[in-house]
Amino acid sequence: MASISVPFLSQAPTHLSNSTSLRLKTRISATPTPTPTPTTVGPSSTAAVDASRMEPRVEERGGYWVLKEKFREGINPQEKVKIEKDPMKLFIEDGINELASKSFEEIEKSKHTKDDIDVRLKWLGLFHRRKHQYGRFMMRLKLPNGVTSSAQTRYLASAIRQYGKEGCADVTTRQNWQIRGVVLPDVPEILKGLSEVGLTSLQSGMDNVRNPVGNPLAGIDPHEIVDTRPYTNLLSQFITANARGNTAFTNLPRKWNVCVVGSHDLYEHPHINDLAYMPATKNGRFGFNLLVGGFFSPKRCADAIPLDAWVPADDVLLVCQAVLEAYRDLGTRGNRQKTRMMWLIDELGIERFRAEVVKRMPQQELDRSSSEDLVQKQWERRDYLGVHPQKQEGFSFVGIHIPVGRVQADDMDELARLADEYGSGELRLTVEQNIIIPNVENSRLEALLKEPLLRDRFSPEPPILMKGLVACTGNQFCGQAIIETKARALKVTEEVGRLVSVTQPVRMHWTGCPNSCGQVQVADIGFMGCMTRDENGKVCEGADVFLGGRIGSDSHLGEVYKKGVPCKDLVPLVAEILVNHFGGVPREREEEAED
């Protein structure tokens, strides 16, 4: 099989033991660079799908993949935009410089350039906030495994500081940064600055592969199964062709998520990814069983299902490429609500889909899944907030709570300083929108915990109901969000905490719209923004309340508990849910017991 060699964006601290580092040999090599039971779905047999359906719908032309003319009837508007001009030309052919030199008035006069700023720039990780921040963009970074350096963090802080109150940053539910307030004339210089610190925003939006998620404790966890960083770095560099743009995978039918599981805790949420690598051995070799098809959308949410396939560690990239090619070639491009990969799996059936993946493997071979799953099913998920010992003797990591993931430029500079002064200059982002400072010498822990930032803003020991709080951007910035989420999530949680006492964290997720960027379906209690009516029949902001989402080995998606609850009525409802479903005790009763 072909050898694939790509560099890391970041590497493990050199002063620590690396006894568990992966030896990716033969087919996959990583070259560090110095920078700071199967489920049956759809038809049950391969014969159930007409052979003509297996014709690829795209073809390569001049280095770009385009939809064939014969398959263009009934396509969605986004597909038409891609046909008019491939979005990657803005980067690969340097179209961004010309676009950035135009005034917004000039841009708005042409449908072509208007589509550039509203659609095509998402391939460069730039999202125009037309509705709430006209003329400004959110920029999403690639940050495989959530690992970033102090130098990268300082650069991002400098990028947003110039925008004053319009500039801020968020830790996202895919372990990466999003920065806000960006204006188009600054984009070429920001892209250059990102490259200089080993970052890229390329292929982080629209019909691309999103940030590869891994264990936030990779390489430092005493109980980890495998260090996921080499794999997530390889995947990210492969997908973006080392930040040069990989046009083989920039014209997918819709977005696509991938994760590599490295711990029994399943911090990576494999059941909601399009492709999840689950560690397993087979005949004495280490590798991964594969799950496919997990996703959220306004019309449907689905758990990932087994592909009945196992790959050795060396073949991680090869099978990723095969799955992506099958999805790219065969996925439909009509109704955007039915173009995620699970819809293709439904149509073909899991065995036919698997056969298409096998056909795209270099040797057209793919082992059946292994029974030697390395993830312990009865494992109790650990809390990473607070101080915890690392596998490296004499060192600890400190998980700090970032309220709903929002940070300002000064916060980022302080985080970078703490990482340098107390750790190894590294920060880890988590899918719960928090941050971990790894590699802190135990003798320095007391001083770190006394730092003003950790005492006043980002506590390692937040109130119990705040620990599992997650919120999407909301309508403060996002044009698709129906309600404001971040400030409201904090306010509701604080008020509920004054009414009810709980003894264990309850994960509460907020999302401003049915796109579910806040992943409400995996939460213990989820809130999805909607418009509803109050007791007087007046239209108001509200939320559909979800209940029962699970993560870990018995993961499953939650279901709607109550629809259309006015936001002003959420506090008493949540208090009631906590008492009835999570062992909560009303504060007045607790006080009476103490008396």
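Backbone N, Cα and C define each Cβ position, glycine as well.
The feature region 'Disordered' is assigned by TrEMBL to 19-55.
Look at TrEMBL and you will find 38-48 tagged as compositional bias 'Low complexity'.
Confidence in the domain 'Nitrite/Sulfite reductase ferredoxin-like' (130-196), given as mean pLDDT, stands at 96. For 130-196 (among others), the entry in TrEMBL reads domain 'Nitrite/Sulfite reductase ferredoxin-like'.
TrEMBL lists 206-363 (among others) with the feature domain 'Nitrite/sulphite reductase 4Fe-4S'.
Residues or ranges marked as domain 'Nitrite/Sulfite reductase ferredoxin-like' by TrEMBL: 388-452 (among others).
What TrEMBL lists as domain 'Nitrite/sulphite reductase 4Fe-4S' is 469-578 (among others).
The stretch in 130-196, 388-452, 469-578 that contributes the largest number of Cβ pairs under 8 Å to the domain 'Nitrite/sulphite reductase 4Fe-4S' (206-363) is 130-196. The DSSP breakdown of the domain 'Nitrite/sulphite reductase 4Fe-4S' (469-578) into helical (H, G, I), extended (E, B) and coil residues amounts to 32 helix, 37 strand, 41 coil.
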